[in-house]
Amino acid sequence: MNIWLFRCFCVAGDGNPRESSPFINSGAATSADKSLQYDGKNMALFEEEMDTSPMVSSLLSSLANYTNLPTGSKEHEEAENNEEGIETMNNNLGTLMGVYLPCIQNIFGVILFLRMTWMVGVGGVFGSFIIVFMCCSTTMLTAISMSAIATNGVVPAGGSYYMISRSLGPEFGGAVGICFYLGTTFAGAMYILGCIEILLIYIIPQAAIFKIEGLEGPEAELALLNNMRVYGTIVLSFMSLVVFVGVKYVNKLALLFLACVILSIVAVYAGVIKTAMDPPVFPVCLLGNRTLLSKGYDVCAKVVETDNETVTTQLWRTFCDSDSLDATCDEYFTSNNVTEIQGIPGVTSGILAENLFGNYLEKGMFLEKRRVASEESADSPPTGANRYVMADITSFFTLLVGIYFPSVTGIMAGSNRSGDLRDAQKSIPIGTIAAITTTSIVYMSTVVLFGACIEGVVLRDKFGEGVNGNLVIGTLAWPSPWVIVFGSFFSTCGAGLQSLTGAPRLLQAIARDGIIPFLRVFGHGKDNGEPTWALLLTGCICEIGIIIASLDAVAPILSMFFLMCYMFVNLACALQTLLRTPNWRPRFKFYHWALSFLGMSLCLSLMFICSWFYAIIAMGIATCIYKYIEFCGAEKEWGDGIRGISLSAARFALMRLEEGPPHTKNWRPQILVLVSVDAEQNVEQPRLLSLANQLKAGKGLTIVGTSVQGTFLDNYAEAQKADQSLRKLMETEKVKGFPQVVISSNLRDGTSHLIQVGGLGGLKHNTVMVSWPRNWKQPECHQQFRNFIEVVRETTIASLALLVPKNISSYPSNGERFTEGHIDVWWIVHDGGMLMLLPFLLRQHKVWRKCKMRIFTVAQMDDNSIQMKKDLITFLYHLRIDAAVEVVEMVSDSADGSEFYKDEFTMATSRPTPTRRRWSWSNDLPPALTRTSPFSLFRRRAAFVSQSVAVSDPKQVRLIHGRTASSTPASPTSPASPTDGAERGQTGANPEAGKDLFNMKPSPVDVRRMHTAMRLNEVITKKSKEAKLVLLNMPGPPKNRVGNENYMEFLEVLTEGLNRVLLVRGGGREVITIYS
């Protein structure tokens, strides 16, 4: 009852509808509507938050009903079935059908049937076992890492690309995703080439368009490659058409292809068992120790006895010039006997010892049986290549690794189907590891069994030319070699179709992520999501592999791309484990970062073992894609591990910076740029950011700060808008740094807060940049210059350097260029070297690069100006700064000349120029200003003020004289000019006015400072009026706030007549050094 009353109280009110929610309900709903909506759900306490925070029941329902909608092959099949009115079931695959069998089908492939026996014969059982063990260990370690990543959340379509991109960021994900796509595409080409090789060599040799009969050497090789190219292109076009018509047909045939693979492997093991009891009859004919082509003889003998008559055989006619027994024959044929050996002696024959070690061959070498004697003359001419079985390529260990590794790929098949699994986080680890274990046992056992059952010369016979053109592994199979031939043919066809189905969808997933702009067109397809354009590109790339036409040449290429992909899967798991991110909670617990690093090291090692040339190319492609995404790709925040590394590295670096202040050699301007924003939260001085960018040759920190007036609760939206405005302007001006917006009750306090709390830890600003207040003389702008002077005071107390650009709107933008001109530095007092460092940094930027640097300093009466110039040139030489030097001599006529910078730098030591500056006055003063402040009256030629000063201080009387003062000391009786008389008449008409002006007269100290500013301005204007930029020491503010207005007058007079002035105050420490 109480809850209901409270709920009624909550919904009662003025009757006005609340704002509509952008999250759940798009239309406006009244309080009463919401009361009815949540009536009976016991949610009255939280109904105000329902728009942004849904009920737990709704959240759990949405998570439980999650469906994997990215473009996977399963989804396209369902889309096609839905068009035909066929109902399909989602997420119903278990470990066996969803992970284990697909991995088995993808791992077993063309290499097992076409190259495994050859690899054992060339590399030996021992060497081949090492290769298989290394590759299988690599995939097992990768599977462990992949299982950890895959069970750390839902993995949509894209498989390895999704895992890597979400773990290592879009740059790594895009680069490795493209490499994985290229590997899958070239795998399709390899399977098609294997399919054509089986078709043209073992099934229908007569179908060859380019006839090989009668050709030998390079001609026969070229004819074979051309046949592969023609038929490969035809098969590729047909398979692409099948995939385009409908992926459901590929999925329906997948079970048939899998059955062919399993049946072929079972036939091999059955054949091995049979050899132990009854070895098959596969005779091999040897001449000496050389293996003869089976098509070159009908009987393995030189002559035969027929009806007590010796008759020559086809073999005799192959090596001799006639059928007669006295014909001229090949010398090697004459010197050696013909013997017939059993090609498959059986598992109990002991042939394993002979096949234990490798027998690597050069291209064109004869296949010779070990431990068989032969007689060969060194002077005998070479025999015909079409008589013996010869090596078609030069073989070596690393080549075997590159050719074999594709036979262990395919471990991602289960993770790619995660959306179709009933329990993906359970099925993926179990199914994948079980599949790798099964295939590894099969591969290792076949290496041993092949070496134990088959004769070495038969193993090294890649195309079965010595055993009547039979597939070598087929000679071992039971009940017939055709089981292996047709089984391997259909399995390679199925693997090719699977590759052409998966690769376009992987490319489509990358394109739809939007991280690679030029690939976005491949994210489109048919209405059901079929990746038409991606399929077209995949077919074109696959055709490149077809044109290569050699399975042995294509295999190492795709090995590189798969190895790179697996390497980054291991890296992703290792980083996530070491960083211990809160979201890293995989259900698969049997992983460790050391295993992942071992797997990564194996992948990298295998890349360079296979082919250092291909490895460098693959890494170059990945690097180019990485940099392209970094500079041109879309900004993505996926909570990746690289971001975690950055956070950890930043924390470590910040803690190191806290250990002490930076050395002078490491000092660089870390700039806090204070800007103001208008009512629309747009920056009023954008050129401040241009100048900050031009000063960033030091590569220091940049913080752009502004203050919003108000309270945090009421003005948070304005602060966010100002933050976005700062970010946009920083991006436009290419300023690398961070924006910072504070909300304060007044702008003065907000600016003070920025100066105090800007930065983090040891990475704090050491320099403040603030613009000169515009129109500060106007009454409505008085608060601006007061705030400005407070900033000067605060930076002084905080020992921060201060940069005040005047006339900031006239400063160049980042797109402008100065082709000539000067940057003039007026070194009045030593400020730690800021005046030397800043122009050097500016000249590193393209805007100021062609400007020359000039340094001016001032000599007093008792200074040796010539020696000063020499010392300054030497000082600049040691600083490695190129600049012209000029010493300006200013004569003093008063022992008590004013010292403009005395209050600021009387305690400074170790500086190349004296601290005390004594200035004399000429009779020429700047034009009078129109302000009515004491110094405006002083700067007007007001004789009344001169005559009102007590004559007891003749020095001060002389200093206050205006432009009309004579060269002799002034006195009350001195004649006045007509102008003076006129002004005196104006003021003398009202004695009270004269009294007010007398009360407003400046103090003697301020008079001396104004005189100094005016005199120094004359010198600067004379020397640097045409300079592109003038850098000048900025005097400190008065300690008494009553003199704020006078201080602004000093600075105004000091910089009058100059276009671009940068007033500089040092931070109280040395920022430049002559030491290395």
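Keep in mind that glycine also has a Cβ here, set from the backbone N, Cα and C atoms.
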For which of the residue intervals 161-182, 491-512, 865-886 does TrEMBL record transmembrane segment?
161-182
Per-state residue totals over the domain 'SLC12A transporter C-terminal' (686-801) - DSSP helix, strand, coil:
62 helix, 22 strand, 32 coil
Against the transmembrane segment (189-210), which of these stretches has the most C-beta pairs under 8 Å: 126-149, 433-459, 533-551?
533-551
Looking at the stretches 230-247, 393-413, 433-459, 557-578, 590-615, which one shares the most CB pairs under 8 Å with the transmembrane segment (533-551)?
230-247
Top stretch among 686-801, 818-893, 1009-1076 for CB pairs under 8 A with the domain 'Amino acid permease/ SLC12A' (383-672)?
686-801
Between 0 and 100, where does the mean pLDDT of the domain 'SLC12A transporter C-terminal' (686-801) sit?
86
By DSSP, what is the split of the domain 'SLC12A transporter C-terminal' (818-893) into helix, strand and coil residues?
23 helix, 19 strand, 34 coil
